[in-house]
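For reference, TrEMBL has these:
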type	residues	note
DOMAIN	1-314	domain 'DNA-directed DNA polymerase X'
DOMAIN	51-70	domain 'Helix-hairpin-helix DNA-binding motif class 1'
DOMAIN	91-110	domain 'Helix-hairpin-helix DNA-binding motif class 1'
DOMAIN	126-145	domain 'Helix-hairpin-helix DNA-binding motif class 1'
DOMAIN	338-417	domain 'Polymerase/histidinol phosphatase N-terminal'
Ligand code: DGT
Ligand code: CA
Ligand code: CA
Ligand code: ZN
């Protein structure tokens, strides 16, 4: 059970009540409750467990008891009863892009649509287009959304599932018969999306451990349960495989099941050249007895390699580097000193300047860059000149009260269609720094889009480029850009490129960072936070930076405050 689980249950109740045409105030109370749970500063889960929710704004009496029941027992009778009134497949519909509760209600009531399959049939038969308030265009959009969802059906965001994974790992760690525990597979390698989760445990009682795994509270159904492995499907649809091995096998199994497959194939052929045969249980072959293996690192050492961090096990040069002892010393979260690209209530953020600054200080940061939207992003309440200048003033006032901490006044300025910026240079010059991003006109050709972005980077006031491709993982395709040219242009113009670490972006993609780094382009790990909680995504950004081979010196926001201040004062050509 996590904070997010609590919020999701409340949100789902709101939707179901809406489907039942219940009192809109009641519906809104649940929605507000979900918001309040998400935004609460303290440990809301503990408070709910302790029945200590009195006085929290947005959580009324009725919600208080329900949250207590949910947090302390893991379920909520009211929610389960409500859910049972509807077909199970109906809940899939909520995940479709562009389909809100009002439309779902009509589909359910007039066409008895109770699943995505039903909806697809109804669209194919043209029944949706003729419904009042729908039309042919909506019907086509729905079909597209269904197709998109099916493409991504078996994928999950790394950042979305990590709280759940950590929860399961914690539970496994407390099992008396389990001595070692790890996640493996794409999750351990820090892939931006994962298909299924792979857990590995060392135990003397594999069958018992497998059975206990299948009864974890997060499990919805059991796919298989054997003597040494089990597969389950979690309530959110994610499949999890568990393998139970002996303590001696553990390092080999961990190495094998971490992958990637390509990395493993290359490692195995290297081993064979040395007369060693390697599989998930151990070494065999003439010289197998020469090596004592306790940890994964011992396996790499036996092959003459330095330890390869899981994030870079993609067979993209890491094995050669490990043999030559030239692996990069990858960045760590503790090395970050601050971050840029964060929103506040001035545009579309949920928390104030002061609240964002406080959270940054609590996280141990020395500085926080504020980059609210610019005026063309009107849908995000972008700032026009007057409000921007007011914000600069407000930041100055707050800074006067801080010790050993500073807010930087920036802006996320829109890159307009022709590559010019949303503010004139005189305004930009008054900022400490500026992030330039594309937020509209996504459909340009690759050549046009690349030219547009490069033109923006040529501006003296553009410190960094925001989310390079605008992708929303599992939801929206990236706009077309030529990464190689953008990296070259960033190097030439001394423009920093952002690694946007909002879980659905993780943009620029990890596959491009080594190239950028080798050209001398700096990275800024930016959470694009729209609330204080958003700042907590920095850890995810660091994982992706590691996956992109980045070291401390490649990441701008590892620099201490004084160096960042000095950097911003230099003309771009001297940075
Ligand atoms: P995904 O698709 O996000 O689940 O990605 P992975 O990498 O977690 O893939 P998965 O779950 O199929 O397998 C976990 C690891 O097990 C994989 O990274 C490497 C290893 N593995 C699986 N199948 C093979 C195979 O056929 N050959 C080798 N060498 N390794 C394999
Ligand atoms: Ca996997
Ligand atoms: Ca698997
Ligand atoms: Zn943006």
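Numbers here mean position along the shown chain, with the first residue as 1.
Glycine is treated like the rest: Cβ placed from N, Cα and C.
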Helix-strand-coil residue split for the domain 'Helix-hairpin-helix DNA-binding motif class 1' (51-70), DSSP-based | 10 helix, 0 strand, 10 coil
Seg_contact(the domain 'Helix-hairpin-helix DNA-binding motif class 1' (91-110), the domain 'Helix-hairpin-helix DNA-binding motif class 1' (51-70)) with at least 3 CB pairs under 8 angstroms, min sep 6 = no
Taking the domain 'DNA-directed DNA polymerase X' (1-314) alone, what is its mean pLDDT?
-> 93
Summarise the domain 'Polymerase/histidinol phosphatase N-terminal' (338-417) by DSSP state, stating how many residues are helix, strand and coil.
-> 29 helix, 18 strand, 33 coil
Mind tallying the domain 'Helix-hairpin-helix DNA-binding motif class 1' (91-110) by DSSP state, helix then strand then coil?
-> 13 helix, 0 strand, 7 coil
With DSSP as the reference, give the number of residues of the domain 'Helix-hairpin-helix DNA-binding motif class 1' (126-145) in helix, strand and coil.
-> 11 helix, 0 strand, 9 coil
